Amino acid sequence: MAWPLVGAFLCGHLLGFVCLSGLAVEVTVPTEPLSVPKGKTAELSCSYKTSVGDNFALEWSFVQPGKPISASVPVLYFTNGHLYPTGSKADRAILLHDPPTGGLATLKLTDLRPSDTGTYLCNVNNPPDFYTNGLGLINLTVLVPPSHPLCSQSGQTSVGGSAALGCRSSEGAPKPVYNWERLGSSPTPPPGSMVQDEVSGQLILTNLSLTSSGTYRCVASNQMGSASCELNLSVTDSSEGRVAGTLIGVLLGVLLLSVAAFCLIRFQKERKKEPKETYGGSDLREDATAPGVFEQASMRADHSKELLEKSPCASTMTTTKSKLSMVV
């Protein structure tokens, strides 16, 4: 019976020695995520248990959604009895209790922005209490109403075709839900011809008819509010389009023929007004005689003719002279 008592006594003393030589830091944070509207103030609760000494240090850091804890960036830290805010949130981050040496290390973040959404780490170090790292995690979501969505349209908007209407907000937390509705008193599309996805914001319209034309509205909503956009859908009949195309082609053909006929008639009228060409002395043909040669030949011909006309008189005079000589 003595040995169990001795064993219990020894174990108690050993446990006390371990506890005194180094206590485990215990950090407590809320287990539920925190959601706060944009522009408001968030209080991120953090408490701890340890025997605060000269080596006590506290650090708050931030991790963006989807990134590992190793990618955290400091928000503020307390060491050597002084508080040091740092980073892009330095002017909006303070401690609710300063100095945080009484077991409370709550972080107060003012004027919340969408970029503040993420995970916040409350880290307490108090050497020689190294048995745990004293880390607590808090998830913060900054609530933002949906921004004005953008409506878009794609597909074949003719009779019998299909069209896809899109709707998307650039901002909104939590993510908005999208709902499409048709405005006016137009008949409701047949079941199955109008399918929408509330998550992606897409509306699929199949087997379009002329009655599918109209105004469609998309409403993006979350717990912070709603916003909407509208789109006008115009369904055309392909047969009417072909008839219109044929008519336009015929009209263009008639117009071109009219222009061609007008130009031809005008050309003929202008041609009749032009004077007829006459032959000029300066114009030479390939088989024509040079002007100088023709004039010389003409002069010789005239001279010969003149001699022929005078030849009888000359002959008589010669004969008379000859007769007189003989008489002498």
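From the backbone N, Cα and C atoms, a Cβ is placed for every residue, glycine too.
For Cys46-Cys122, Cys167-Cys218, the entry in Swiss-Prot reads disulfide bond, with the evidence type sequence analysis. The domain 'Ig-like V-type' annotation in Swiss-Prot covers 25-138. The domain 'Ig-like C2-type' annotation in Swiss-Prot covers 145-234. Per Swiss-Prot, N-linked glycosylation site is recorded for Asn139, Asn207, Asn232. The signal peptide feature in Swiss-Prot is assigned to 1-24. Feature annotation from Swiss-Prot assigns topological domain 'Extracellular' to 25-244. Annotation source Swiss-Prot lists topological domain 'Cytoplasmic' at 266-328, citing sequence analysis. Here Swiss-Prot flags 245-265 as transmembrane segment, drawing on sequence analysis.
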### Query
Say you check the Cα of Asn232 (N-linked glycosylation site) against those of the recorded positions Cys46, Cys122, Asn139, Cys167, Asn207; which is nearest?
Cys167
### Task
Taking Cα atoms as reference points, rank the recorded positions Cys46, Cys122, Asn139, Asn207 by distance from Cys167 (disulfide bond) and give the first.
Asn207
#### Entry: Distance, Cys46 (disulfide bond) to Cys218 (disulfide bond) (CA atoms, angstrom)
42
### Task
Using all protein chains in view, find how many other C-beta atoms are within 10 Å of the C-beta of Cys46 (disulfide bond).
27
### Query
Long-range same-chain neighbours of Asn207 (N-linked glycosylation site), Cβ under 8 Å, sequence gap at least 6?
Gly160, Ser162, Pro190, Ser193
### Query
Using Cα coordinates, what distance in whole Å links Cys122 (disulfide bond) and Asn139 (N-linked glycosylation site)?
11
## Note on the structure
Counting Cβ atoms within 10 Å of each Cβ, the densest environment among the glycosylation sites Asn139, Asn232 belongs to Asn139
### Query
What is the separation, in Å, between the Cα atoms of Cys46 (disulfide bond) and Asn139 (N-linked glycosylation site)?
13
